[in-house]
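Annotated features in TrEMBL:
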ACT_SITE  295  active site
ACT_SITE  340  active site
BINDING   36-63, 423, 425, 490, 517  substrate binding site
BINDING   296, 325, 327, 374  Ca(2+) 3 binding site
BINDING   620, 622, 646  Ca(2+) 4 binding site
BINDING   675, 676, 677  Ca(2+) 5 binding site
DOMAIN    27-134  domain 'PH'
DOMAIN    144-179  domain 'EF-hand'
DOMAIN    180-215  domain 'EF-hand'
DOMAIN    461-577  domain 'PI-PLC Y-box'
DOMAIN    579-706  domain 'C2'
CARBOHYD  195  O-linked glycosylation site
């Protein structure tokens with residue numbers, strides 16, 4: 001009980017502690033009616049409420065035979081005030097804008113389009129949700145871990161009596177993904193039940209929690225570190241920053257709790273904190289960077305019958321994708337549309353997509369966005385496309401070379417901050433139009449495109465293609481002799497991979513002063529992806545992937561663009577930018593790129609891995625860890641631990657691996673945790689990928705991501721890493 005005599009829950013909510021007394025949070029806990037909107041005719045009132053774990057939202061279902069529905073705050077990607085979703089924009093009147101809001105979910109879960117009774121109420125729902133999301137995002141790894149365990153305890157307390165019986169303790173252990181035999185569970189229970197009451201309460205549950213979360217491997221690491229006292233030059237700084245015991249701090253000592261606090265902090269993370277924000281030189285020409293790029297951006301699913309949506313553009317841009325594709329076709333009523341031509345995919349209006357791009361292009365990165373136009377429209381609808389691009393994007397659209405003169409190479413991402421570039425066909429050289437000696441009329445036929453067909457091009461659309469003019473590829477020599485730096489080619493993956501294998505050095509030199517875009521083969525109707533690494537190895541900048549498809553290839557892409565502030569641009573290594581370079585990733589002749597390293601990895605343990613089969617109470621994971629290296633062919637490697645039966649809570653491996661690295665600047669490392677299955681393919685539990693050059697040496701906690709690339713808040717790997725020069 002608290003000082004007012006009120007009985008408090010045994011399992012408190014850490015979020016509640018951070019927002020205690022907040023009126024917006026209390027508003028959500030009290031709940032209220034909202035109108036759920038699915039179409040112009042389907043608008044139904046439903047009761048919504050935040051449950052006391054501060055993590056689960058409950059709402060009633062209209063169907064009597066259907067269970068009332070819940071979703072986790074963890075599942076929410078963002079909350080948008082106003083008619084800012086496709087559904088609300090389409091099915092509601094502008095006059096009720098301030099009453100509307102949308103909950104956007106991660107992955108493919110449909111948006112919740114909602115309307116409150118008043119603008120004030122809508123604001124309270126949105127403010128409350130955003131406060132909880134921000135608080136959860138700012139929880140330390142240790143707090144996330146506590147929150148997860150406390151929630152599992154709450155679920156195990158079936159009769160809500162704030163006590164834990166032996167049966168409930170066994171249920172709890174299954175909840176946290178660990179299988180123990182009955183005798184061990186009974187022994188653990190007896191050890192904690194000091195009152196011999198047959199149930200755990202108060203300090204007994206705290207004792208059980210401490211026993212459960214005690215990490216033997218941390219004791220060992222802490223003991224070893226304590227013995228090296230005097231050898232750590234940064235020890236005093238760490239003690240000052242992380243030590244929780246004031247007495248120890250005054251004596252310049254670090255307790256085990258302080259040490260654990262450091263290991264859980266981002267300073268103790270695998271990603272070098274110096275690489276977390278933009279740290280690279282952003283003043284190099286645009287073609288000196290890899291750019292995070294999306295193919296068929298408009299699709300939410302596959303390429304034959306999946307929906308097209310402005311949401312797909314928003315999701316890609318919010319992941320700092322910097323090149324998006326617009327497949328443009330003639331639509332009804334003279335309005336151009338975007339969809340996958342000659343298929344059953346749904347259509348979305350061109351103007352709606354441009355509005356979404358204008359709104360979301362620079363929310364997560366201020367660096368330039370390229371709109372790659374696949375133009376199949378008639379001249380009349382092309383004129384309308386040009387009108388929408390110019391009128392909606394305004395000053396953000398680059399319609400003339402910077403400084404009104406065409407230089408000999410690209411401007412930099414820094415110079416193009418907040419700017420949008422159009423990639424597409426152009427009727428003449430940019431210099432010609434600047435000299436005012438262009439005599440082009442509206443109906444000029446453009447040169448052949450990649451499909452060997454000719455298309456009429458509207459001058460208004462042609463004129464806004466400045467730095468990314470699409471041209472057919474006729475070989476590296478032809479490009480060197482005839483192409484301007486701003487004239488670029490798109491390569492189907494099969495053509496690009498062939499060139500990368502047979503003419504790697506020529507390809508790298510081509511990309512030193514021009515841009516190249518790679519796109520998946522049309523045969524990938526399921527929107528699967530190719531491996532982007534061989535394309536980066538030859539300096540290709542715009543390596544376009546199906547962002548809508550969670551896959552190993554997208555995990556690698558996410559890892560490549562994780563450093564440098566997740567801004568969507570990564571500076572290429574110097575040997576891919578210097579004209580004197582003779583680098584070939586396939587043969588690896590001597591040169592500055594050859595920096596032999598030894599990479600030592602010890603996979604120690606994992607913590608709080610999620611259950612994969614939540615429907616089966618007794619289903620516990622059998623985890624193993626695989627460490628993969630992706631880079632030049634000589635560096636590609638994969639090694640894995642043994643699997644551990646029935647323990648996702650605190651499995652321990654203590655296995656060591658060694659990798660020979662030849663070109664560290666092009667190497668990526670991916671950690672994969674899987675659930676072993678002897679009869680079928682292993683299931684993915686979590687993964688994490690980053691460039692080898694951004695790895696911090698030493699004992700590190702590695703966060704884990706879902707298949708879709710979202711953080712699993714409670715889970716992690718504990719490893720020891722050493723990347724050192726080879727002798």
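Heads up, the Cβ atoms here are built off N, Cα and C, so glycines get one too.
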DSSP-derived helix, strand and coil totals, residue by residue, for the domain 'PI-PLC Y-box' (461-577): 49 helix, 20 strand, 48 coil
Residue 295 (active site): nearby recorded positions from 36, 325, 340, 374, 646, Cα cut-off 10 Å: 325
Secondary structure content of the domain 'EF-hand' (144-179), with strand meaning DSSP E or B: 23 helix, 2 strand, 11 coil
Residue 52 (substrate binding site) and residue 195 (O-linked glycosylation site), Cα-Cα, nearest whole angstrom: 29
Stretch among 27-134, 461-577, 579-706 sharing the most Cβ pairs under 8 Å with the domain 'EF-hand' (180-215): 579-706
Rounded distance in angstrom between the Cα atoms of residue 622 (Ca(2+) 4 binding site) and residue 340 (active site): 42
CB contacts for residue 327 (Ca(2+) 3 binding site) [other CB atoms within 10 A, all chains]: 20
In sequence order, the recorded positions (44, 48, 60, 340, 675, 677) whose C-alpha falls within 10 A of residue 620 (Ca(2+) 4 binding site): 675
Cα distance (Å, whole number) from residue 325 (Ca(2+) 3 binding site) to residue 48 (substrate binding site): 38
Number of other Cβ atoms within 10 Å of the Cβ of residue 622 (Ca(2+) 4 binding site) across all protein chains: 18
Cα proximity to residue 56 (substrate binding site), best match among binding-site residues 296, 325, 646, 676, 677: 646
Residue 52 (substrate binding site): tally of other CB atoms within 10 A of its CB: 14
Integer mean pLDDT for the domain 'EF-hand' (180-215): 83
Tally of DSSP helical, extended and coil residues in the domain 'PH' (27-134): 35 helix, 38 strand, 35 coil
Closest of 40, 327, 374, 423 to residue 677 (Ca(2+) 5 binding site), Cα positions, binding-site residues only: 327
Candidate nearest residue 646 (Ca(2+) 4 binding site) in space, where candidates are the recorded positions 40, 60, 340 and distance is Cα-Cα: 60
